[in-house]
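A short write-up of the structure that comes next.
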Amino acid sequence: MNTNDAIKILKDNGLKYTDKRKDMLDIFVEEDKYLNAKHIQQKMDKDYPGISFDTVYRNLHLFKDLGIIESTELEGEMKFRIACTNHHHHHFICENCGDTKVIDFCPIEQIKQYLPNVTIHTHKLEVYGVCESCQKNA
């Protein structure tokens, strides 16, 4: 997803377009990895001195509710990234830097065979570890 797609979702849901929201979305698009709310606040503070953590967090949850961003828990805190919308896939997430890699393999058919008496409505697979770059820099 890019910033314009995200802004369209906001407008289609009757929400206001603001420069702050656009700039927040730009951070996600440019960095393209999982980020915590504090990182977003610090980046936003350069152009919007004194922006509150509450303002950032409210917008993050709004974006998440609209499907603009995804979230995961990493190192005991919520982290967010721009939503992937191109095709069904899963992610490898680096525990150090938050970088993600797409996993095109989906094990849902094997899981359905393993659990034949359940109804699966949805699924999300995240694999955690340390990326090559972080391993080299260790």
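Just so it is clear, glycine is given a Cβ too, placed from its N, Cα and C backbone atoms.
Pulled from Swiss-Prot, these are the features on record:
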- 1-85: region 'DNA-binding' (REGION)
- 86-138: region 'Dimerization' (REGION)
- H88, H90, E109, H123: Fe cation binding site (BINDING)
- C94, C97: Zn(2+) binding site (BINDING)
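Over the region 'Dimerization' (86-138), the average per-residue pLDDT in this prediction is 88. A straight line from the CA of H88 (Fe cation binding site) to the CA of C94 (Zn(2+) binding site) spans 20 Å.
In this structure, C97 is the one among the binding-site residues C94, C97 with the smallest number of other Cβ atoms inside 10 Å of its Cβ. Counting only the Cα atoms, the space from H90 (Fe cation binding site) to C97 (Zn(2+) binding site) is about 18 angstrom.
Taking the centroid of the Cβ atoms of H88, H90, E109, H123 as the Fe cation site, the other same-chain residues with Cβ within 8 Å of it are H89, C106, P107, I108, L125. There are 12 other Cβ atoms within 10 Å of the Cβ belonging to H123 (Fe cation binding site). Most Cβ neighbours within 10 Å, among the binding-site residues H88, H90: H90 holds that distinction in the structure as shown.
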